[in-house]
Amino acid sequence: GCSEVVQLLVDECPHLDHTAAGSLTALHVACLAGHLSVVRQLSQRGANIEARDQASYAPLHIAALLNHVAVVEYLVSRGVDVNISASVGTRALHLAAGGGHSSVVLVLLQRGARVCLQDEEGHLPLHWCVGRGLRCPGSSLTDGGAALANSSSDGRLKTGKWSRYSGGASTASSMEVLALLLHYHRRADVLVSNLYCDTPLHVACYNGRYECAKTLLTYGGPAQLLKENLWGETPLHASCSSGSSNELVTFLLQQHHNYLNYQSWDGHTPLHSACFHGHTITVQLLLSHSVDTSIATHTASYKSKDDPGGETAMCFAYERGHDEIVALLKQHQHRPAHTPLSPTSLLFSHSLDDPNTTTVGGANSPEAVYFPVPSPRGKLRAITHEKLDVLHLRTVLPPELHLSLADIELIENIGSGSFGKVFKGRYRAAVVAVKRYRTNVSYGKSDVEMFCREVSILGSLDSPYIVQFVGACLEDPSQFAIVTAYVEGGSLFSNLHEQRLPLDLTSRLNIALDVARGMLYLHTLPMPIIHRDLNSHNILLSLQLRARVADFGESRFVRNLIEENLTKQPGNLRWMAPEVFTQCTQYSIKADVFSFGLCLWELLTCQLPFAHLKPAAAAADMAYKHSRPPLEPVFPFSVSRLLDCAWHKVPDERPHFAEIIEELEGIRDSQLESTESESSSSIVAPRQHRLHYRQHQHTCCSADTQHSPLRYTSPDRMPIDDELTDHVTALRSRWEQEASRGQSA
């Protein structure tokens, strides 16, 4: 960009249009770098301002693509044709629109660029704007930044023709460009289709551009919703094929009452599209809107022409090896009847209750329930993924954490679960816990995935409040094991409910603080981790009563939750947050806060939450009836308030663990001061708390009062000190006797 050097070279070189590799001229290079002064020098000395490189890119194309506004303005002022075409019909306006360069787009439009010009594939600048850059046919200058899209050759469904060009525009910049192109003076036609019969709305849906799709629909009207492309896909089909924006899917479903079960020319529905591409979350969304899972396509690709039978969405998922979706569809019980279309809905090319539409593999077909899982393709995919996961784990895990099971002495079995067994062992003179995994295969995926995930998470943790990771045995799937430090005190569950370890309030609060600090550590990592199975079984105590959080088999990095299959509830149901149990929304780290609240209540009362109910019934009561364990009258007001917040039914209203720690420290310090000053271990509930307790019992726990060992006592008759303690103990003993008699019966 040094003008003096360029001037010297220009004076000595009469051939300003000499080309280098890729037919690049000096002017192309100057436009690539955005050096306006050099561009001006070269053009004033006679350089060809419309010279073409190997891909027929003119300097204007390069400047527009790379958002060099001043260079674009100068070239246009020198008389360059603003609608000059590259080798595949690409104009500067296409490139600027695809990059979201609103300033360049405005300059080009003001200088006469035409919004109605299409490239050789029929793309308008509108298509480029909403398609994340689409394809940028390669000038050698931009090679590496010119991404070619993948043309689909699939005869049944579109398989991602719209590539996500790495230089694609952000939503905000795309919206600015879209507003310029749709300005009433431009008169851009949003119903124009490209070579693949895609309207701009199709392209926006394939790329998950929610805001762009809303704008296009507002501008062009509902007629766009029913347009099918070459693959028979409407915009709703396209958004389900993409699976990148369920917000967009929800929006489109609201636009037409019969859009949900709309069949294209070949009979496939939006559910078919989502199942074909394996978008589990999108399938769940469609099922929540009562989609008809029995609809079949008009013909089956693998059947003979004489066989009129088609394929259901479950067939599509099974053939593609998406076994989790197959299992999800099997669980789905609701089968809505077909809703006939009204005469005003004749724009639909196929009626949803067409008598000629077959339902082979549908709800009433014997084929519907016989899909052996794992499918052949799903099993192959699972095996491949497992091997890749193990190879990756062996690569990234430090050598000192690679252990051999032969070097570990297994002393005794101390526990078991669906994953396998836990042993107490010895490794290099240290006592360790060895968690051995089974290798059973179920539903196309084994415990290998769970094992690899747990090792990956444990290997990244280093906190005194988290169980210490010693290493993992990775040599053979039959020998897979996770080795951690042995915590000699056992689990909190065992100490509270089996050994009935006597603990004063201060010790209980210290245990709760250790757990909260461990959870805060997990939630504030650079890549936050959600535990998803926090309960008293997974809280281990040392002999000094220091707590450590353990068992990360159900844990996930928060960034991966969006891809998580939510058909299976993780963790123990008794301590499960309502949003996890109902599977109605994408949950967050606040699910751990809910579980912690139940653990805190359990720690303070020495009782299981909803001990009179089975785990599933307890989870259902908390989720659907908003029931909560009763707040005992002996609780300080601050404890009751903390519990109320921790198990709030709205996840966002629950506190973060940093707030919980601050509150617990205050309660503990207050208790220590009270103990020192009064030399008494009893806690008298203040009148303020009694009112709070009465209100809580009325709103949350009325259904559980008759089962609770601690029934509400009127404030006027509230005993104090030792009398209160004796009263609580008596009630608890009576409840335990009743529960014991009930179990015997």
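First residue shown is number 1, and so on along the chain.
Each residue, glycine too, has its Cβ placed from N, Cα and C.
What you see is a predicted model, and the numbers here were worked out from it, not measured in a lab.
Taken from TrEMBL, the feature ATP binding site applies to Lys435. Reduced to three states, the DSSP call for Lys435 (ATP binding site) is strand.
The domain 'Protein kinase' annotation in TrEMBL covers 408-667.
Taken from TrEMBL, the feature repeat 'ANK' applies to 22-54 (among others). Residues of the repeat 'ANK' (22-54) grouped by DSSP class, helix first, strand second and coil last, total 19 helix, 0 strand, 14 coil.
For the repeat 'ANK' (55-87), DSSP puts the residue distribution at 16 helix, 0 strand, 17 coil. Annotated repeat 'ANK' per TrEMBL: 55-87 (among others), in sequence order.
Taken through DSSP, the repeat 'ANK' (88-120) splits into 17 helix, 0 strand, 16 coil. What TrEMBL lists as repeat 'ANK' is 88-120 (among others).
Summarising the annotation, TrEMBL assigns repeat 'ANK' to 196-228 (among others).
Residues or ranges marked as repeat 'ANK' by TrEMBL: 266-298 (among others).
Secondary structure by DSSP for the repeat 'ANK' (266-298): 17 helix, 1 strand, 15 coil. In this view, Lys435 (ATP binding site) is surrounded by 22 other Cβ atoms within 10 Å of its Cβ, with every protein chain counted.
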